[in-house]
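Peer 1: This is the structure I have questions about; it appears just below.
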């Protein structure tokens, strides 16, 4: 009628070939077959998409080696920028002030740099333990969520980035006249380290941080049996007595607002080199170690633990006594010389 050829559907139930028997189809069954074929076809398409998805994702994501090289490149770029900015900042200072200021900057950041190096080396120890199949988790009584050497190195990497960055900002701000902002840099860094250690939320390796804090608490107050972890950490602290001394001097200057000044260079000042807090901070780790030996003797009744405590405390304790005696003798000598000199002047005046 409209000039078009009408083509009936091939699955029509009314079609039949010439000379053949009429075939009658069930319409409901035919429609069900069509729907089933459509579902199977869509399922096949979904399988093809899912199978091709990892290939496309792998093609988009770079290789781990490329990512590692990129991170190393950024690390060296950051190191170069810190060295360049720090050197230019130091060169802007006067020659007389340069050495004094570098000594002060070194005093604030030296303890944290040494702690960062210790964390790197502790990661190396864990790597050696893992390669040697040493079950250090059982030795130190660690839980299943303990940190591996990779996580230790990750934390050490962030410490390596943050501490020199703060030091660079300190040098840059002071050399450009921003003394108050420069003085805030070490204060903010020390406060941030303290907050990260005591942060009560489940971030930054909460279980490991609190395990370290509990161990330090048991070292300071050995009211329970000494474990191997307590002994091991206390032995490390005795090797870090200089860090304790530098931290004491740094915190003292922060509390008395002597950061980015040269007032503390006077030996008799509150935070000067004649301060009693310096030898006390040096001897504290050895006193903690002595308390551990006394506690061990109380639990085991072994006399060798007393000898261990005696040898542990002999050198630092005698050094502290020697420093105190020398300080008292020096002050008494100066006072007696002053008295004799004053008397000589008065006698000469009367004569």
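Backbone N, Cα and C atoms are what each Cβ position is placed from, and that goes for glycine too.
Please treat TrEMBL annotations as automatic predictions, because they have not gone through curation.
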Peer 1: For the annotation transmembrane segment in TrEMBL, which listed range does it cover: 276-294, 295-313?
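Peer 2: That would be 276-294, the stretch labelled transmembrane segment in TrEMBL.
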Peer 1: If you check TrEMBL, which stretch out of 29-49, 134-154, 155-175 is marked transmembrane segment?
Peer 2: 155-175
Peer 1: So what's near the transmembrane segment (66-87) in sequence-distant terms, Cβ-Cβ under 8 Å and 6+ beyond its ends?
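Peer 2: Counting only partners 6 or more residues beyond its ends, the transmembrane segment (66-87) has Cβ contacts under 8 Å with 157, 161, 164-165, 167-168, 171-172.
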Peer 1: Determine the mean pLDDT over the domain 'EXS' (106-309), rounding to the nearest whole number.
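Peer 2: 86, rounded to a whole number.
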